[in-house]
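K.L.:
Taken from TrEMBL, the feature active site, proton donor covers Y52. According to TrEMBL, the substrate binding site annotation covers H111. The domain 'NADP-dependent oxidoreductase' feature in TrEMBL is assigned to 21-194. The annotation site 'Lowers pKa of active site Tyr' is assigned in TrEMBL to K77.
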Amino acid sequence: MAPPKTVTLNDGHVVPWLGFGTGTALYKADAEELVRLAIETGITHLDGAQVYENEESLGAGIKASGKPRSELFVTTKLRPASEGQVINVKALLKESLTKLGLDYVDLFLIHSPSPANKEGKLQDLWKQLEEVKAEGLAKSIGVSNFRVEDLQTVLETAKVIPAVNQIELHPYVWKAAQPIVDLGKKHGILTASYGGQTPVARVPGGPIDPVLSTVRERLEKTRGAPVSAGQVLSKWILQKGAIVITTTSKQSRIEEFLDTEKVPDLTEEEIQSIDEAGSKLHKRIFMRAVFGE
């Protein structure tokens with residue numbers, strides 16, 4: 001199997017375009033077997049979080065796969081604090097590393113700007129992330145679910161620009177997400193998408209469905225092989241300049257995601273038609289409170 005397509009981050013480290021997430025369906029669940037399956041099927045980017053409460057099983061899946069650490073890209077995220085709570089980022093990351101059975105993570109993210117943004121603590125939190133990066137506990141650092149104003153707050157004092165902002169990204173939130181993605185591009189911050197399959201997995205029958213069907217049929221003719229609606233969405237995300245974080249319990253779906261690399265690019269007209277159909281319905285599934293929805 002050919003190595004997965006990668007993207008170079010603003011700090012020079014390289015991240016595979018496809019990550020296997022251990023939240024959503026695996027939230028607080030044992031992820032060992034599915035992580036092992038994902039790695040053995042060809043995924044080398046694993047995405048975890050302290051709040052998922054399954055870092056031990058993520059680490060066990062990595063160990064069970066037998067894949068060398070140097071060939072894997074592992075992400076975890078800082079648990080959001082309670083209001084007024086004092087956070088020791090280094091201590092929390094060391095706890096994660098113990099659970100994961102690793103000496104470092106490739107990417108460490110602030111999982112949510114709240115409540116630190118409300119308490120004026122975002123800049124201090126980011127400074128602590130810069131410190132764990134300097135110590136080598138995290139190769140790259142970034143954020144998750146950050147809005148334009150949250151990114152701007154961090155950028156005011158940051159010595160290290162965030163490498164990644166992981167957000168919910170699909171056509172039904174594109175209108176709201178575009179300013180965040182654009183600000184990221186301006187500063188070299190890569191957008192990572194989660195929830196990208198929402199239009200087909202969670203909002204069937206929406207205004208984007210007929211457009212996805214038309215695009216899928218064109219791609220199948222061009223490729224001469226099957227193309228799924230999910231692959232069309234993944235191509236749309238990639239062509240927006242983002243990477244894909246997803247999860248599944250089926251090997252066939254893992255193979256389908258990896259196969260997206262072989263799907264031809266969407267045309268500018270097809271991307272535009274997906275954008276326009278997506279703008280007819282705003283549907284955020286995750287982090288609605290952060291985004292004021």
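Placed from the backbone N, Cα and C atoms, the Cβ positions cover glycine too.
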K.L.:
Around the C-beta of H111 (substrate binding site), how many further C-beta atoms are within 10 angstroms, looking at every protein chain?
P.N.:
20
K.L.:
What Cα-Cα separation, expressed in whole Å, is found between Y52 (active site, proton donor) and K77 (site 'Lowers pKa of active site Tyr')?
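P.N.:
It is 9 Å, counting Cα to Cα.
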K.L.:
Determine, to the nearest whole angstrom, how far the Cα atom of H111 (substrate binding site) is from the Cα atom of K77 (site 'Lowers pKa of active site Tyr').
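P.N.:
Here the two Cα atoms lie 5 Å apart.
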K.L.:
Same chain only, sequence gap of 6 or more: which residues have a CB within under 8 Å of the CB of K77 (site 'Lowers pKa of active site Tyr')?
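P.N.:
Within the chain, K77 (site 'Lowers pKa of active site Tyr') has Cβ neighbours under 8 Å at G48, A49, Q50, V51, F108, L109, I110, H111, S144, Q166.
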